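Colleague: Quick paste from TrEMBL:
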type: TRANSMEM; residues: 94-111; note: transmembrane segment
type: TRANSMEM; residues: 148-170; note: transmembrane segment
type: TRANSMEM; residues: 229-247; note: transmembrane segment
type: TRANSMEM; residues: 259-282; note: transmembrane segment
type: TRANSMEM; residues: 356-375; note: transmembrane segment
type: TRANSMEM; residues: 387-407; note: transmembrane segment
type: TRANSMEM; residues: 445-462; note: transmembrane segment
type: DOMAIN; residues: 530-658; note: domain 'STAS'
type: REGION; residues: 570-590; note: region 'Disordered'
type: REGION; residues: 681-706; note: region 'Disordered'
type: COMPBIAS; residues: 687-699; note: compositional bias 'Basic and acidic residues'
Amino acid sequence: MSLSSVKRLGKRIIDYPEETVAVVSVTEWLRPLFSNPTKRVKGYLLSLFPILGWITRYNLGWLTGDLIAGLTVGIVVVPQGMSYAQLATLPPQYGLYSSFVGVLIYCFFATSKDVSIGPVAVMSLTVAQVIKDVQTHHASEKFTGPEIATALAFICGFIVLGIGLLRLGWLVEFISAPAVSGFMTGSAINIAAGQVPGLMGITGFDTRAATYRVIINTLKGLPRTKLDAAWGLTGLVALYAIRYTCLKLERRFPHRARIFFFISVFRNAFVMLILTLAAWLYCRHRKVHGNYPIKILLTVPSGFKAVKQPTITRKLISALGPKLPVATIILFLEHIAISKSFGRINGYKINPNQELIAIGVTNTIGSCFGAYPATGSFSRSALKSKSGVRTPLAGVYTAIVVIVALYGLTSAFFWIPTAALSAIIIHAVADLVASPAQVYSYWRVSPLEFCIWVAAVLVTIFSSIENGIYTSISASLALLLLRVARPRGAFLGKAAVRPSSGSTVDRDVYLPLTKDGITNPYVKVEAPSPGVLIYKFEESYVYPNSHIVYTAIVDYVKANLRRGKDMSNVKLGDRPWNDPGPRRPGDYESEQRANLKKPILHAVVFDFSAVSHIDTTAVQVLIDVRTEVEKWADHPIEFHFAPIMSPWIRRALVAGGFGLGIPNPWATPEVAPVIPYHKSRLSSQSSKDDLEATGDGKKRQSGTVELEPVVPLDTPFFHLDLGAAVRAAESAARHATPLT
């Protein structure tokens, strides 16, 4: 059997059409993926280290800005790092380990100059819950808190690193901004409520239970308030007093705003210094039975005592398994949200995949230094941005401050009151709570997303952070699927508009026949020519929403357009069960009279301007629509499409038998001139350059303008724009042979 015979047999087996039109091929889609692989691999490897793109141009101006920002963030990150370690139920030095590694490693992989990596409140509380869960359900294994935390950092970092290397950062886009805001607001309230007992010195209950339980138990425990409240409440009041005083002074004396800004920045360090000094003065001679009158940090080991390989065993991985999804999601979700926010504010674009690689590498390497999971911090990133940071290298100067604190200030950390650390946490997480204006904007933009925000906040408060993040993600995905499966669609009509008051030329636009999509209720929208339907999609046409289009068009046709076959002479027994006709025989004539008053359907025009994808199910439903309306009209119907935005949509429609046929002899051919030079300019050129470009890219010497079709002539029912499609359909309706 010859090769040609085999090809013919294969075409018969797959029902290959004898006559085909030119469509895009799979080869054209695959070719860019495999073209010049060496260049693509080199570009991919270089993209892993963005620092190579700017470090060679580093200058003194950048150095000054980075040095100020780095030292400023370093002064804040030291007390915050120890506070968040306390929140994570870890010794304070582990917060410093995470701070050092985070700011140091991130600068080599960052695409954001503003983000500061390190311990954060939400991640710290999650680590505390993971430690509690593992130690409760696997008590026999005797895993320590630091072992669990560093193993969690390694595993989560490795997962996030893999997501970044595989360029799957687009997965983050499935979670809406209100969902993230609701989760963060609920988490901030959860954290603040859990720190109030420490602020007041109240003990005797689980401060990491559901928020409402913590609030109730705190109110019950107010009579047990201890002396720690003197340090905690004083610190919290002082932090807010300094902050708002500096803000007022900045507005009153704008020429000294920079000075007041840095005074406000140093409030954490200043308050911590004063409270530590007060704790030392009060407690140094009041030690009773080995205990001090208030709770203080006590010994903080200097240096990196915990530098070692993280403990990764099969039993520990199994114990961490149920908590890995939520920890991983929080790790990259908060970071991407913060980096995008500051990129938008400061006018640069971040690469989500590279940011995932950055925090993945940071946490993987950090686990060898005893660090627990670290991600982007909103408060420190805002501080870094306002301090005038110029490049990600500012993180190196922050790391120097942390290393100095680790080796030179640990003896002073002994007297830090834990109530003061609670005050710092409460003060920091308050910025994560959405403002009333922000929440109201969610309601104005999208009431459904406002409901998602409320649900995320309530679930986080009344259940847990884990359930809150799952609620946020599930609600976002559900809303996305709802919008895909139930898109808006409308039958369009024509309205004449004038571009400006001084213009005398009107043009036609196509608007919904109903008033739903028109802002001005006095705009008059006329129906298209009798027998022509115009339907607009407002979403990609895919399998979840395909039946909606079928129902809309078929129901409209049967209700408003003439039935081609006279059913008055058809016996009841010959009528289909789903169309039995009137109950009384005398009503058949009135049914036919009403039917004859309706216009005859000739053409259906689909506005595909919002359609970016179409799938097999949707094409099949379009075929079903064509079959059903042609059966109703009892004659062929033209289906026009405009505009076709993707060659793959054109390919799919052609495969379904759409777009083909004999061009309408009364319609004007659809062409578009390509004239790169004005005629007056051509006249000044030499005879050698007296050429005009055509649409096919060739040069021809001619005295006339060459025109080329933008839409191929072998698909006459595909059109460049909606106006051309409607004109072709109306032309077909005007010249159609009347039905007898």
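Even glycines carry a Cβ here, placed using N, Cα and C.
Where in this structure would I find these features, and how exposed are they?
Modeller: Taking Cβ pairs closer than 8 Å, the transmembrane segment (229-247) reaches residues 198-201, 260-261, 263-264, 267-268, 270-272, 274-275, 278-279, 294, 417, 419-420, 422-424, 426-427 in its own chain, all 6 or more past its ends.
Within its own chain, the transmembrane segment (259-282) has Cβ neighbours under 8 Å at 72, 75-76, 78-80, 231, 234-235, 238-239, 242-243, 246-247, 249-250, 253, 293-294, 296, 383, 386-387, 412, 415-417, 420, 423-424, 427, counting only residues six or more beyond its boundaries.
Beyond the ends of the transmembrane segment (387-407), by six or more residues, the same chain brings 51, 54-55, 58, 61-62, 65-75, 77-78, 81, 93, 96, 99-100, 102-104, 106-107, 110, 112-114, 116-117, 265, 302-304 to within a C-beta distance below 8 angstroms of the stretch.
Helix, strand and coil content of the domain 'STAS' (530-658), in residues and according to DSSP, is 55 helix, 18 strand, 56 coil.
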Colleague: Could you check if the transmembrane segment (94-111) is in contact with the transmembrane segment (356-375), meaning 3+ Cβ pairs under 8 Å among residue pairs at least 6 apart in sequence?
Modeller: yes
Colleague: Looking only at the domain 'STAS' (530-658), report the model's average pLDDT.
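Modeller: Mean per-residue confidence for the domain 'STAS' (530-658): 85 out of 100.
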